[in-house]
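Participant: The structure's right below; bear with me while I get my questions together.
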Amino acid sequence: MPIDTPYEDLLRLVTERGTPKSDRTGTGTRSLFGHQMRYDLSAGFPLITTKKVHTKSVIYELLWFLRGDSNVRWLQEHGVTIWDEWASETGDLGPIYGVQWRSWPTPSGEHIDQISSALELLKSDPDSRRNIVSAWNVGEIPQMALPPCHAFFQFYVADGKLSCQLYQRSADLFLGVPFNIASYALLTHMMAAQAGLDVGEFIWTGGDCHIYDNHTEQVALQLSREPRPYPELVLAPRDSIFDYTYEDIAIVNYDPHPAIKAPVAV
């Protein structure tokens, strides 16, 4: 059976048809605006196989978001350094993803736990078209070390299956997007487990989809490789989505090609 490769197809599309553009980092990109990828989560866990993805970082970053944390110290304690380039001397990143997900400030001084609210809505009104979690808090963007790239996501239930669609305003296709796909697929599995649902699709929608000019050789190497079957995800049962630990999450039968290193544009 052929392996669906929407990510690799997007890499190829941007390589062939992308527009050369300058960018904030001064690196330069090849860019395409507006694209969608769909993954059937019942058919396997969408962890890219044409290069090895550091799954430990994916899992710990998501758990860090769910903690409502925005300081890299907890990540560093678990050997994860993916946010270090943007952190202050004290490790702080400002009110980024986790803070907005778990503690969105209101004008009255109260805070909204968007993850808990989304989970409650999945249980009480699964057909709601308002089940959205946003990290794009316009009033607090100046305080953030980096404005949210994956800005907001929506849940959708049909036939007892939970799907999630993410909008990513800025998509570093080679380094960032494989992490983002795996992270939100994992979140969808966790939310489905807590709501008593099966998994449906993860849908990724990108705005500025770009390949940095200093990643072109790495992308060419990746596209020369034959995709392999996706792994499976096994979650231990937990009473709350906030109770999951790294040891509760197992990705089995992951057989990727070797990792490919590339510089991060900061």
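Glycine too: its Cβ is placed from the backbone N, Cα and C atoms.
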Participant: Among Asn137, Asn180, indicate the single residue that Swiss-Prot lists for the dUMP site containing Arg24, Arg129, Arg130, Arg169, Ser170, Ala171, Asp172, His210, Ile211, Tyr212.
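Facilitator: Among the candidates, Swiss-Prot records only Asn180 at this dUMP site.
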Participant: Which candidate from Ala250, Ala265 does Swiss-Prot annotate alongside His54, Asp172 at the (6R)-5,10-methylene-5,6,7,8-tetrahydrofolate binding site?
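Facilitator: Answer per Swiss-Prot: Ala265.
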Participant: Around Cys149 (active site, nucleophile), how many other CB atoms lie within 10 A of its CB?
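Facilitator: Taking all protein chains shown, Cys149 (active site, nucleophile) has 18 Cβ neighbours within 10 Å.
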Participant: Hey, what's the widest CA-to-CA gap across His54, Asp172, Ala265, the (6R)-5,10-methylene-5,6,7,8-tetrahydrofolate contacts in the record, in Å?
Facilitator: 18
Participant: Which of these recorded positions is closest to Tyr212 (dUMP binding site) if you go by CA atoms: His54, Cys149, Ala265?
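Facilitator: Spatially nearest to Tyr212 (dUMP binding site) by Cα position is Ala265.
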Participant: Ten-angstrom check, please: count other Cβ atoms within 10 Å of the Cβ of Ala265 ((6R)-5,10-methylene-5,6,7,8-tetrahydrofolate binding site), all chains counted.
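Facilitator: Result for Ala265 ((6R)-5,10-methylene-5,6,7,8-tetrahydrofolate binding site): 20 other Cβ atoms within 10 Å.
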